[in-house]
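Here is the structure we will look at.
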Amino acid sequence: MERTAGKELALAPLQDWGEETEDGAVYSVSLRRQRSQRRSPAEGPGGSQAPSPIANTFLHYRTSKVRVLRAARLERLVGELVFGDREQDPSFMPAFLATYRTFVPTACLLGFLLPPMPPPPPPGVEIKKTAVQDLSFNKNLRAVVSVLGSWLQDHPQDFRDHPAHSDLGSVRTFLGWAAPGSAEAQKAEKLLEDFLEEAEREQEEEPPQVWTGPPRVAQTSDPDSSEACAEEEEGLMPQGPQLLDFSVDEVAEQLTLIDLELFSKVRLYECLGSVWSQRDRPGAAGASPTVRATVAQFNTVTGCVLGSVLGAPGLAAPQRAQRLEKWIRIAQRCRELRNFSSLRAILSALQSNPIYRLKRSWGAVSREPLSTFRKLSQIFSDENNHLSSREILFQEEATEGSQEEDNTPGSLPSKPPPGPVPYLGTFLTDLVMLDTALPDMLEGDLINFEKRRKEWEILARIQQLQRRCQSYTLSPHPPILAALHAQNQLTEEQSYRLSRVIEPPAASCPSSPRIRRRISLTKRLSAKLAREKSSSPSGSPGDPSSPTSSVSPGSPPSSPRSRDAPAGSPPASPGPQGPSTKLPLSLDLPSPRPFALPLGSPRIPLPAQQSSEARVIRVSIDNDHGNLYRSILLTSQDKAPSVVRRALQKHNVPQPWACDYQLFQVLPGDRVLLIPDNANVFYAMSPVAPRDFMLRRKEGTRNTLSVSPS
């Protein structure tokens, strides 16, 4: 069959070809297919004759070989950074500069990068340079200067080593010698001056009163007494204007202003999985301060919702419903402002057990706010790896490009909307999962730079969103910020106790909201890498599998997804569970597609496709930090001690203390099943109960380090 003249073949412009090894470095090779302009045979060398009509009926292509560095030693990576072909591999430099600190310190990299400077000439002696020796024509130095310029521009915080700033001083000295008066030299000089002036101001001035996290927590001496509840209710009422006294627009705009300022200051390096996952290790208290600030703000907003709704137990149901409705309207306004961070924080609080179980209060909520609440909750549904929230964020990011394309010639360009401000936790989880799935080093002590490229794909999205957040035009409103700071925060125990005082368990709806079990870590890892193979536009893993029944410090609570109910009816209540009781989980998972794990890993059964020889179980630790789960693959050969050690490793508890813990299976009805120390867990566990397990310290053993999410 003949092909229509002038019609292009439907071939992929870039096709994988394989790998090549050269001098110990591994390259990925692909073939790039490009259109080529071919001159008609009738056209002379001068181009005076018109091209032949026959020439326009053919499309000419040329295929070029493209090599990108996949793995190499540090010296080779530095050489590629300086002398590599940036047109052929444009992502190498930004990926390297954003992730290099995972495998080499800044000072060490500068030692590789900066060539030694010649000694200064004796006084009165002038050294004449030939054209070859002239620095302006020295290709190597110009390449190094270009790299330093990009480094100073995109990652200036890498050179902040207080108080000496020795790394930045070395860069400034080199640029003053290699490129005096250049933009790069001026940038280094200006950056060093800014760092020194900032240090002087910190020494001379008192630290400003900046709100950096959750306000104080209300406490009572005897939580079971009625007098204590009355005192607690009185203590929870803040002095001065309360947050809900302001309009919906004002509160939503101030929350957006705080979120965008914190998100714009996030350092990309702190988001890397190898950095963020170590934040709770001993000696890492000050690690990732910019990311911690966003987490603290998220938890503060969630705490404000809990405090304002539960902080006045004496309110009647219609009055409490008005507070619920206002928070729903604030959440809707955050959605209109494209602030997904505060939107998720508000929804997480409204969906937490202490608020969600208030049947009478939800029953007094009007139909329209209730419908809005259900629609907003669908944004962060955990189905299909949080596909809904990811697609919405992609659409919001694409808004700017589509508006620019729609501008007609001669018309004024329309101003793109600001933002969006994303929920940073999704990106953090993606990066942690990438760090867990891919090794840092490959065989032969080669740095796995392909892993760094994948991390850069996520960091580049964060960087692009940070730039778009600069287009917001919001002004601070001090009274609202003061009211936000004055809102007392409730502990988890207080939230449950006040909720049960407001509506005793007997008055709660017996039917619990059916919360879909979060997709396991293994499944999301497999899904992400499988989607990357098929080049899906929305292929990135989702949030960690750590459902909680209420707000826990440092990580947002899980969002229960309620079934659709008739308009005007209150959402189903979680029932009368206590603080330590997990919410009931639904096992009706969507049918997953089988995915294959890369890197030669054995196939791990998915939750809906459990094999007869393996199970994916979830293990928590019985402590005061809430129900923090970690997923573990359990095979028919696993004994209790090995399961305990693996679970403690997932929870960042030192391994020598594994003998201090016992493994229990959590059964319905607040019952637990002790797994004997030498038992085969696969056969000792109850096959009909939910596969939730708990580690509990043996009696008489010493206290261990606190456990926190990683």
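Placed from the backbone N, Cα and C atoms, the Cβ positions cover glycine too.
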Phosphoserine: annotated position in Swiss-Prot, out of Ser288, Ser591, Ser686: Ser591
Ser475, Ser512 - residue that Swiss-Prot labels as phosphoserine: Ser512
Candidate annotated as phosphoserine in Swiss-Prot, where the set is Ser552, Ser601: Ser601
Stretch-averaged pLDDT - the domain 'Ras-GEF' (247-505): 89
